[in-house]
Each structure stands twice: as structure tokens, then as C-alpha cells.
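Here the structure comes first, spelled out in C-alpha cells, and everything after it is commentary.
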Amino acid sequence: MRQKWSPTHLFRNPSVPHPKSETCILPFSRLYCLRTAWHCEKQVQSISAVMFTHHITTATLVAMVLLPAVAMENCPSAGTPGLPGIPGIPGRDGRDGEKGEKGEPGLPLKPGLVAQKGQKGEHGPPGPPGKIGRSGAKGVQGFPGLEGLMGDKGMVGVHKLELQSAFSVTRRTKAHPIPRSPVRFTNVITNLNNHYNVDTGKFVCHIPGTYYFVYHASSEASLCVSLVRDGQNLASFCDHVTSNLNQVSSGGLTVNLNKDQAVWLETNDHKGMIGVDGKQSVFSGFLLYPY
């Protein structure tokens, strides 16, 4: 027959054993004891001894023992607690909450305090283009490109006519020229672009370059002819007549001319030049190559 067990058994003689099948619940630790009644008594005696050493009264101990015993008068046998179950799968994240209202402005920063850096904001709209910067340093010259295709043939220009200069003029008179003055040749054979002036007897350069000038003069007396450039005597040619026979003399010179420089022929006191049929005097010049 099963015996009832009351809290008064905690203070009975330890030599009297409790029923082997009974267990007790200790109110101090709230742990279920799966032991025999004898073991439970041993635990109570140990706890009682500790409390008595701290001057706790018997009435206090009895009250602490009897309070939980009212709820459970009997200590029935209980099975062994099972193992904890496997944790379940974490649930899904909840939805984001609605955006909160804008907070009130914060207090101004006190002197000496360092402001904390806030979170990075969103990109703002692009600003207007800035001013053009200074040009950089000149780069290294690149390699030559490939040769291009030949273009179409252009229209005929006037360069050939513009770069031509030549004249040939003769003197048709038996009168001798004036010494130390330009000899006038009034009869024009050739005068491209009218670079020779028959009124002054001077050739005026319009195309800078190298020219060749030559003369052939018939004379009935001694004759000295000089080639002059802008008043500078470049060369002189003389032929002295010792008989009544007519003479022919000639001379030529290559001259470099700049634009607007003039060239002409002069005589000195030996001025026996004539110009009649069969006895002509000729002055010629032409451009060899321009600058």
C-alpha cells in the first residue's frame, strides 16, 4: 500500500527510510528530483544545516518548506526529461516600415566639439559645365600618316604668265646717246608684262629672281657701255675705233634682282653707239628663275 508523504517527514528520524518509489520537489531550486525519498531527505538536511549556521529560525524554514508542499502534497514518480528539440528555421524578414517624418533641427554645435560625419546622401543633379581650362603642354609629334590618294586635276592657273619676264628692244637712230644717262631703246621686239619702260630706258624688276642681261651695239666711234643696277656700275665694256670702219661690241651679265630694282645701260664720253638699218644696237634681258 502506497504511503502519503508530508513535509513533516523532512524532520523525522533519518534512520526511518522513505518509500523507495517517491520523489520530492525542492522549493529552493525548482528542480525535479528523480531520486528516492531518502536522497531528498539528505538534501533537506544539508540545506537546513546551512540555514541554521546563518541564524535562520526553524519557523522560517518550516514556512519555506510548507508553501510549495501545499500545491503538491504527493511526490509521484516522473520519467526522465527528454532531449531539447531541434531549433526551427528562422522566419522571413518583415516588410520595411513607412518612412518617418522629418525630425526637428538639432542644437547648434558648441565650440570645441567635432561634428560627427553623417550617412552618405543621395547623388544630387549634375551642375552646369565649368569654364574651359588652360591648354596643356604641346605633345610629342606623332608618326607620319599614310600617303593619301592623288586628287583630281585642278584648273589651269596663271602662274606661268605671272612668272615670266623678258624683253628685247632696239635703238634706231644715228644720234649718239647722252653720256652717263640711261640709253633709250625705243623699238620694242619683245616686252612680256611690260617690265621694260621705253620712256625711261630702264628695266624694272617685278619678280624677284636671277636675270640675264645682254647687249649688242654697233658703233662708228669708240664706245664704252656699262650695265648699271640702281646707280651701281656692275660691269663696263669698251671698244676703241682706230679707223673709219664701223665696229660691233657686246657684253652680258647675270644679275640678282629684288622687287622694284631697276637695270639699264649707260655710256661715258666714248659714246659712238648708232642704230640704223644693217647696223642695229640691241638690249635684251630675261628671268632665269624666280626666288
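Just so you know, the numbers here start at 1 and follow the chain as drawn.
Cβ coordinates are placed from backbone N, Cα and C, and glycine is handled just like the others.
Cβ atoms under 8 Å from those of the compositional bias 'Basic and acidic residues' (92-104) belong to no residue of the same chain, restricted to positions at least 6 beyond its ends. Here TrEMBL flags 92-104 as compositional bias 'Basic and acidic residues'.
The domain 'C1q' annotation in TrEMBL covers 160-291.
If you look up TrEMBL, you'll see 79-138 marked as region 'Disordered'.
Helix first, then strand, then coil: DSSP counts for the region 'Disordered' (79-138) stand at 0 helix, 0 strand, 60 coil.
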